[in-house]
Amino acid sequence: MTKKLLIKTWGCQMNEYDSSKMADLLGAANGYELTEDPKEADVLLLNTCSIREKAQEKVFHQLGRWKHLKDKKPDLVIGVGGCVATQEGDHIRQRAPYVDVIFGPQTLHRLPQMIKQSLSNEKTVMDISFPEIEKFDNLPEPKADGVSAFVSIMEGCSKYCTYCVVPYTRGEEVSRPLDDVLFEIAQLAEQGVREVNLLGQNVNAYRGPMYDGDICSFADLLRMVASIDGIDRLRFTTSHPLEFGDDIVAVYEDTPELVSFLHLPVQSGSDRILTMMKRPHTAIEYKSIIRKLRKARPDILISSDFIVAFPGESEKDFQDTMKLIKDVDFDMSYSFVFSPRPGTPAADYPCDIPEQTKKDRLAELQQQISFQSARFSRQMLNTELRALVEGPSKRNPMELRARTENNRVVNFTGSPELIGQFVDLHITESFTNSLRGTLVRTEKDMGLRVAVSPSEMIEKTRREDDLGVGTFTP
C-alpha cells in the first residue's frame, strides 16, 4: 500500500523550494505520494518560518491539531522543519514530545534516514546542524512542475541585520558550485521550463566555485543561465543593496531574458533607522542604485520590503520612508509592523510607539504603494506586453492566464496549446489585481534567442566516475 505524505509550508519562496525537494526526496527514496488530507497521511511535515510575529505559537497550535491524529494513529510520523525548528528545536522537543523528527533547512536531505530512525526509536530524532552545501549534493534530480521553476543558488546570510533571524536559522552565506546550478537549470529546461527564478537569502551575494578553481560572480551566472536555450525569462530574489554592483546593473543592458522587475528590500527611508537596523546603506545610496537601473532599463518596475514602527521610529523617520517611496515610485511592497524576533538585537530595543500609530503608519504606507501600483497598471492600457502563459484563468477556465515580466497577470482568450509559451498581448482593461488583453502574436513569430541547448549544457557539466573522481568538459 502506498504511503502518504503531507507537507504544510509557511514562509518564503525558499521554504516553498525546500518543501518541493522534500516531496521529491521522499517520493524517490520511499515511494511516498503527496496528499492534502492529514487524516490519510503516514507522515506529516511542517516547514516553518520564523519571520512573522508569533511564529512559535503558530507552530504549536498546528502541532496540537496533529497530535489528535497521532493519538488515533500511533504510527503517524510528525516532523517539524524550517527556521523555527532550527531556532526552537530543544523547546519543540520538550513542549511537544510527540514530534518524531526535527530538522533544519540545511538537513532536509537527511529526512528519509531520520524518518526510518524515528519509527524504531521512541525519542525525537533531531538534526538542526549546518553542514553547508551538503544538502544540495544529496537531493534527487529536479522535476518540472509547470513552466516556471525556482532554483536555489545559495543559502544563508552574513549581514546580521538587528531585526532578522535568518543568519541564526540558515547560517552564513554559502554558494552552490556553478556547474551544479547550470546542470539543474539545464535539466529543467529539458523538461519544458521557460522561466527560472534564482533563489537566495542574499541572492546577489552569490560567489560560486567553478571547476577550475575560479569564482563565478552573480552577474556572470545571470548571463550563463540566460544563454540556455528554452530559458527565455530570468528572475531572482531576494537581493541586497550592498551587493548590487555596477556589474549586475550592466546585465540589464545586455541580457533581454532578465525581467524588467526587481525586488530590492530597503526596509526604511530614514538613515537613522537604517543604522539601528544595521543596514549597510543610506537612502541616497539606495536611490543611486535605482537611478543606474532605470538608466540601463527605463521600463523597470521596483518592489521592496518595509518595516514600519521599528523601535525608536519618529514621525520624521516615517515621513522619510514615505518620501523614499514616492521618490523611487515603488510598484509593490511587502510591508509589516515591526515584531521582535527572539534572539535578535532589536528584540531588546525599547519601543514606545502606540499601537494605533503603528497601524496608521502601515495603512498610510500601503495606501501610497497601492496608489502607485494602480497608476502603473493604468499606464499599461493600450500597450503591448510579452507574457508567459501559465495555464487556465482562475476567473474563467475558458480563458488563459499569462504573466508579464513586470509581474502582472493578464487574462485573455486563446488556445490551450499556448500554455507554456510566450505571447504578445494588447492590454485592453486594468483591474485591481490583473489585466485583460487580446492576443497579438505567438512565440513562433518572436525569434527568441538560442545560445546553448540544455543537452549541451548538461554535457559540459562536472560528472563523477565510478571512483568518485570529478571531471569537467569545458
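Heads up, the Cβ atoms here are built off N, Cα and C, so glycines get one too.
These come from Swiss-Prot:
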type	residues	note
BINDING	Cys12, Cys49, Cys83	[4Fe-4S] cluster 1 binding site
BINDING	Cys157, Cys161, Cys164	[4Fe-4S] cluster 2 binding site
DOMAIN	3-120	domain 'MTTase N-terminal'
DOMAIN	143-375	domain 'Radical SAM core'
DOMAIN	378-441	domain 'TRAM'
**Message:** Take the mean position of the Cβ atoms of Cys12, Cys49, Cys83, the recorded [4Fe-4S] cluster 1 site. Which other residues of that chain put their Cβ within 8 Å of it?
**Reply:** Trp10, Gly11, Met14, Asn15, Thr48, Ser50, Ile51, Gly82, Thr169
**CB-centroid shell, 8 A cutoff, [4Fe-4S] cluster 2 site Cys157, Cys161, Cys164, site residues removed** = Lys159, Tyr160, Tyr163, Val165, Val166, Pro167, Gln201
**Prompt:** If you measure Cys12 ([4Fe-4S] cluster 1 binding site) to Cys157 ([4Fe-4S] cluster 2 binding site) at Cα, how many Å is it?
**Reply:** 14
**Request:** Would you mind listing, in sequence order, the residues at least six apart from Cys164 ([4Fe-4S] cluster 2 binding site) in the same chain with a Cβ closer than 8 Å to its Cβ?
**Result:** Ile51, Cys157, Arg341, Thr344
**Tally of DSSP helical, extended and coil residues in the domain 'MTTase N-terminal' (3-120)** = 64 helix, 23 strand, 31 coil
**Asked** So for Cys157 ([4Fe-4S] cluster 2 binding site), how many other CB atoms are inside 10 Å of its CB?
**Response** 23
**Prompt:** Whole-number Å distance between the CA of Cys161 ([4Fe-4S] cluster 2 binding site) and the CA of Cys49 ([4Fe-4S] cluster 1 binding site)?
**Reply:** 17
**Fill in**
Here the 10 Å Cβ neighbour count for Cys49 ([4Fe-4S] cluster 1 binding site) comes out at 19
